[in-house]
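Novice: Below are the features I grabbed from Swiss-Prot:
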- 243-434: domain 'GATase cobBQ-type' (DOMAIN)
- 323: active site, nucleophile (ACT_SITE)
- 426: site 'Increases nucleophilicity of active site Cys' (SITE)
């Protein structure tokens, strides 16, 4: 749906948590299902840069989830991304606790979109204390100097009967009871490094989501939802007439829907699966998103696509790889078990998986010269989260100096060779990085 097509606006709410691990993802699925059952066309979204939680939204709602992050895309870009959604109500899953995060908290997302917050509170061992917690979160907005409307509570892991009644009765008039999510083992999502399993790998049981949705007050949530402000008009960039090959499989699954949309707006997009044995299609440029190449090293080592990619890159084909894409473009990738597999061999680095994450933050990069995604001196904002470390050759060339974050070696990001660029940073299309990439084809 284009901005003009959604001129009537899309109401929305933000599900903010009291802390990480409180059950926001499951609560989001329950609310989305309840609203859909009530006749609404639901657009899911995620506050922040995460790729994994949104993968659980689409199987339940049937619509790709939008990523809303003011650091990655700016306020106008975030509002534009929101209004490019497709539905009459948007359910935005928050990240971490409501006020947590120095540059892109859930509270900031809610404030800049002017959306009310439904506070997800773990009610497994409390009743009146749930109300006290919610009241504290409501009052803290003034202390944090952020304009956040905490509208009420969704009680996570709450039983019915006296438990639910006690929570509801304890809430002051300023806080609405929006229902509960019952404690059920089949609502748990298994996790691993980088977070939960992807929705395509470990989808939450659909009957369990239905059971949880039955206890959500969908009408109350729809009644408090409201429409964010619109950004200034934005003229789309012209079609390049070029073809971009995008890797799309379990090893390369971290791509924002907005990124795929921007690529399709300005180029012909062909997808391929290196893991499944697809060769690199005929194309004018390649995008390798992040994902889990470390879980598919054998398949990638045998993939004809990586051999072809190495040869085409050496001939000057523009190639952009982010995080997992960077790893696949390296000389080798070693798992935590010590197994080493050859990769495409385009970038002068050997990558090894670590037991602990090596970087997790929003980042800011400054281009030290003209590169695929930015002109010399330009800055890009992104996000990094990875468990791998790259050992680079002494003559390796970097495209970016790190102003915030860790990058590849603490000071630099963006290994570059030929017309290939590999970064640990993930960027959003509103950063202009993908437009620069397309213009370079």
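Glycine is no exception: its Cβ is also placed from the backbone N, Cα and C atoms.
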Novice: For the domain 'GATase cobBQ-type' (243-434), what's the mean pLDDT in this predicted model?
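Specialist: On average, pLDDT over the domain 'GATase cobBQ-type' (243-434) sits at 97.
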Novice: My understanding is the cutoff is Cβ-Cβ under 8 Å with a sequence separation of 6 or more in the same chain; which residues meet that for residue 426 (site 'Increases nucleophilicity of active site Cys')?
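Specialist: In sequence order, the residues whose Cβ lies under 8 Å from that of residue 426 (site 'Increases nucleophilicity of active site Cys') (at least 6 apart) are 49, 51, 254, 290, 322, 323, 382, 383, 384.
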Novice: Including all protein chains displayed, how many Cβ atoms other than that of the residue listed as 'active site, nucleophile' lie within 10 Å of its Cβ?
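Specialist: Within a 10 Å radius of the Cβ of the residue listed as 'active site, nucleophile' lie 28 other Cβ atoms.
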